[in-house]
Amino acid sequence: MEQESIVSQKIVGVTYMSLVLVAMPVYLRILYIFASRNSYRTLECYRIMIHIGIIQCAMGPGIFFFGLMQVLNYDFLDIGMYTIRITSAAIKMEAVMSLVLAKNRLKFIFKLPIPTWFHKLVLAIVWLVGIGNYVIVSSPLAGYVATPGHYSTHYDMTKPYSYLVQQIGAYITLASYVSALIIYTLITTHFIQLRLKTGDHVHFKKEGHILLYAIIHFVIKFTLEIVFNYAHLPDIPMVDYPLFVGYVFQNLIVSPLLYLLLNGNLRKDFITLEKKSQISTVFTTIVMRDRSIAFRANAISTSSRMPVP
């Protein structure tokens, strides 16, 4: 039985590590497209998405080293402990940033007089609070830990303020999710009314994708938060494993997958990026070769014109 438990633990660890290694390159490539192309970077909504993507990708190292912890059955140089604590802050930060994104869409659709600096200020505050959260759970006041043999992270309730930090974070996260869903519902309702009045199918289809994205995220996130914070499930592998895998899928797989499925332009850019790079490399090689041939031809021509002594 003990041998089977060890084998299961290693399989779980390899699973966590593999999910990160598969998902991170895809997500980072999407963020690169958002950040490097003017068609995305100049729009405020995509700049907010970049913030969301960065904080979700920041969970990757912690998940990877948590998996390595399971494989080795110990935390190498305590790297897993230091990196997994980012998850505690990142989940809350992502929730509030998603609400900021929803408000941005509300501002754009209804032409609300909200200045651009307001969303920038909120994002800056979110980053500062996230850093503060990491510092708190790394201090004697509160703790967020991961241990070999336990397949999910948890708050260290032996520290005085861990429960308070957990509950405040849960309230902020759930309130952000519900608020974002309400906003997206208002937006979609507006476009349904617009379609009925004007027959505008383009905007309806576009915002329908936005609502679908929001609903899928809401169902997954809300369920995970309720189970993690309020279900009081037993600390056993058959419960911890699917719960933690759910967080990994939500943050590193579902988000980039929905971006690609629901955004045709991004999907084309994602597919053609490598091809353009290959074409550029081939073009550069051809130019260098032509220059080399021209240089040699010029050298031969010059040599033939030199007087013979």
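The backbone N, Cα and C atoms fix where each Cβ goes, and this holds for glycine too.
Automatic, uncurated: that is what TrEMBL annotation is.
These figures come from a predicted structure and were not determined experimentally.
Look at TrEMBL and you will find 12-34, 46-67, 79-101, 121-144, 164-189, 210-231, 243-262 tagged as transmembrane segment.
Counting Cβ pairs closer than 8 Å and at least 6 residues apart in sequence, the transmembrane segment (46-67) and the transmembrane segment (243-262) reach three or more and so form a contact.
Counting residues 6+ beyond its ends, the transmembrane segment (164-189) has Cβ neighbours under 8 Å at 88, 91-92, 95-96, 98-99, 101-103, 105-106, 109, 133, 136-137, 142, 155, 207-208, 210-211, 214-215, 217-218, 221-222, 225-226, 229-230 in the same chain.
Ranking 12-34, 79-101, 210-231, 243-262 by CB pairs under 8 A with the transmembrane segment (121-144) puts 79-101 at the top.
Here the transmembrane segment (79-101) has long-range neighbours at 45, 48-49, 51-52, 55-56, 58-59, 61-66, 68-69, 119, 122-123, 126-127, 129-131, 133-134, 137-138, 144-146, 153, 155, 165, 169, 172-173, 176-177, 179-180, 183, 217, 221, 225, 247, 251, meaning same-chain residues at least 6 beyond its ends whose C-beta is under 8 angstroms from one of its own.
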